[in-house]
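**Q** Pulled these features from Swiss-Prot for this protein:
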ACT_SITE  37  active site, proton donor
BINDING   30-37, 147-150, 176, 184-187  ATP binding site
BINDING   61, 153  (R)-pantoate binding site
BINDING   61  beta-alanine binding site
């Protein structure tokens, strides 16, 4: 596996692969890699001739400076994990390499970027669009792979791709979970013992909420999920919304969409965890 720290060296690698007619899959990450990330690598390796991963903690998508400072960074371990997963190349740049000067671009990402995470983390998705668009321009991938745990992020990136007219297919990959149901996240390492023990309740309550659908409105299910989680120690729901899986707009009735998704953010202690559940039949 090749490791690149500069844009020039990465582009040179990509150009050689393109000249040989090879297809390229990109897996953008912020490092602290886990089995969820590796599932994306395996998918890219299976579907493309060349798999390129990026490991970069992007400062422009953090609206909380402390969250940025606390984000786990394990570059040596990440490189070893990627090599073992048969990734062909990894891009591990400095902030200065990605942003030689401030990125002042503001993207019109539409309503999918204004709700939920967009409402609670102002500027977050614009920062995501900044870094992902840069990576797409550097690598020019045929496909890019993202995990469905970040359900809204996938919708936002698809919006950005349409806005910029980029020739890349966005591949959404299933959430990978621990045996107890907790969605894998780089932030999970920050959970204390008691917090880690209670965190799987998020997925459990979401799963139970599916059984309420036949006899209850989306609003009633939303209220039940929120109250059930808030009643547990260490957990505080920031938001839970049941939305149309394409527009991400809240639904009032199940009949409003055939692709209902419940998106949730919960503070477990001081750690912000996200998850979602599909209410499709």
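For all residues, glycine too, the Cβ spot is worked out from N, Cα and C.
Show me how these features fit into the shown structure, please.
**A** In sequence order, 27, 29, 81, 147 constitute the residues six or more apart from residue 37 (active site, proton donor) in its chain with CB-CB distances below 8 Å.
All protein chains considered, the CB of residue 186 (ATP binding site) has 19 other CB atoms within 10 Å.
In this structure, residue 61 ((R)-pantoate binding site) is part of a helix by DSSP.
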**Q** What does DSSP say about residue 37 (active site, proton donor): helix, strand or coil?
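**A** The residue in question, residue 37 (active site, proton donor), is helix (DSSP, three-state).
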**Q** State the three-class DSSP label for residue 186 (ATP binding site), counting H, G and I as helix, E and B as strand, and everything else as coil.
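**A** For residue 186 (ATP binding site) - judged by DSSP and reduced to three states - the answer is helix.
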**Q** Quick check on the binding-site residues 30, 33, 176: which one has the highest count of other Cβ atoms within 10 Å of its Cβ?
**A** 33
**Q** What count of other C-beta atoms do you get within 10 angstroms of the C-beta of residue 36 (ATP binding site), across all chains shown?
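**A** Excluding its own Cβ, residue 36 (ATP binding site) sees 20 Cβ atoms within 10 Å.
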